[in-house]
Amino acid sequence: MASHLELNNGTKMPTLGLGTWKSPPGQVTEAVKVAIDMGYRHIDCAQVYQNEKEVGVALQEKLKEQVVKRQDLFIVSKLWCTFHDQSMVKGACQKTLSDLQLDYLDLYLIHWPTGFKPGPDYFPLDASGNVIPSDTDFVDTWTAMEQLVDEGLVKAIGVSNFNPLQIERILNKPGLKYKPAVNQIECHPYLTQEKLIEYCHCKGIVVTAYSPLGSPDRPWAKPEDPSLLEDPRIKEIAAKYNKTTAQVLIRFPIQRNLVVIPKSVTPARIAENFKVFDFELSNEDMATLLSYNRNWRVCALMSCAKHKDYPFHAEV
C-alpha cells in the first residue's frame, strides 16, 4: 500500500500522521519530537486544540537539528468556527503559522461547516447550551481560503466534517478556483462512512480518518459506550496477524485508500502505531471490519445540532 496519496494539487500527503487533538500542551512537544525521530512526517494540528505553540517548539527543534527538512514535513492545521467571516480567515491562519513557527502550511482545512459567533470563546453558547451561530456561509469562507493559496500561506486547502451536499455547494461555487483537496472525517469500524468516502473519491478528494481508535480518551466518554480497542472480534483479527488491535484499526483505513491520524503522547504507542506497513489485512477481514458499522460517532458536536450547517442530520 502507498505510504503517500496524491492530492489534486499534485503534492503527496503521507498516509499516516500524528494526531494532536487532546494532546496536553506539556506532553505534545515531546510526542512530536519522538514521532519525527521515528519517521512520522505528517502532523495534524488545529488552533482549537490550544497546543500549536508547543507543536511549533518540537518542529523547530527537529528542523534545527536537521533531522528533517521543511519540505519533507506535511503540516496540517484547521480554521476554527469563530473565524468563518471572510475578513478573519487570513488572521487565523497567520496566528497558526506564528504559533507553529512556519512560513506555510501544507494543508489548511475548514474545521467544521458551522460558523460560530466571533469572540474569545471557541464555543459561544446561549442560555440553553446551544452554540451561537455566526451570520456566515462556508461557501464565502472558502473564497477566503482560496486567497491563502494565492498568497503562499498554504499549499492546499480542504474541509473537515462536511457532508456530500456541503462539499457539492463548494464544488458548484461560481468562480471556484481550487477544489477541496481533502475532507477529514471521523472514521473507524463503528462509523465506516462508505457513502461519504465513495462520494469524495469520486470527486478526487482525499479522505483523512480521524479518531481511528474511537478516541478512548475523549472527555465525554460514557461507561456504556462501545470500545473499539476492547472489541473481542477486533482483538481476534489482530491476534491472527500477530499485531495489536490499534495496529489493525490503523491499517484498516490505509487499505481503504484513506489517510489516518492516530493520536498518542506515549512514545511506545507512537512507535506501535507507525508499524502498520509490514502486513496486509485479507479482503475477508476488511469486509468483516466494515460489517461492524453502527453509525456511532465519537464527535457528534451535539451543541450545534440546531445550526443551519450542522453536517450530521442527513445520512446522504
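Cβ coordinates come from backbone N, Cα and C, glycine included.
Under the three-state DSSP scheme, S3 (phosphoserine) falls in the coil class. Take the CB of S3 (phosphoserine) and look out to 10 A: across all protein chains shown you find 12 other CB atoms. The feature phosphoserine is assigned by Swiss-Prot to S3, with a large-scale study or a structure entry given as support.
Feature annotation from Swiss-Prot assigns active site, proton donor to Y49; the stated evidence is similarity to another entry. When other Cβ atoms within 10 Å of the Cβ of Y49 (active site, proton donor) are tallied across all protein chains shown, the result is 21.
Summarising the annotation, Swiss-Prot assigns site 'Lowers pKa of active site Tyr' to K78. Under DSSP, K78 (site 'Lowers pKa of active site Tyr') is assigned to a strand (E or B) in the three-state scheme.
Secondary structure at K95 (N6-acetyllysine), taken from DSSP and collapsed to helix, strand or coil, is helix. Residues annotated as N6-acetyllysine in Swiss-Prot, with similarity to another entry given as evidence: K95 (among others).
In sequence order, A46, V48, K78, L79, W80, C81, S160, N161 are the residues near H111 (substrate binding site), counting only same-chain partners six or more apart with C-beta under 8 A. In three-state terms derived from DSSP, H111 (substrate binding site) belongs to neither a helical nor a strand segment and is classed as coil. Look at Swiss-Prot and you will find H111 tagged as substrate binding site, backed by similarity to another entry.
Its Cβ taken as reference, K222 (N6-acetyllysine) is surrounded by 6 other Cβ atoms within 10 Å in the chains shown. In the three-state DSSP scheme, K222 (N6-acetyllysine) is classed as coil. According to Swiss-Prot, the feature N6-acetyllysine maps to K222 (among others).
DSSP gives K263 (N6-acetyllysine) a strand state. The N6-acetyllysine annotation in Swiss-Prot covers K263 (among others).
If you compare Cα positions, S3 (phosphoserine) sits closest to K263 out of the recorded positions Y49, K95, K222, K263.
When the C-alpha distances from K95 (N6-acetyllysine) to the recorded positions Y49, K222, K263 are tabulated, the minimum falls on Y49. In the structure shown, the C-beta of K78 has more C-beta neighbours within 10 angstroms than that of any other entry among the recorded positions K78, K95. Shown in sequence order, L18, G19, T20, W21, K22, S23, S215 are the residues of the chain, 6+ apart in sequence, with a C-beta less than 8 angstroms from the C-beta of K263 (N6-acetyllysine). Recorded residues K222 (N6-acetyllysine) and Y49 (active site, proton donor) have their alpha carbons 22 Å apart, per Cα-Cα distance.
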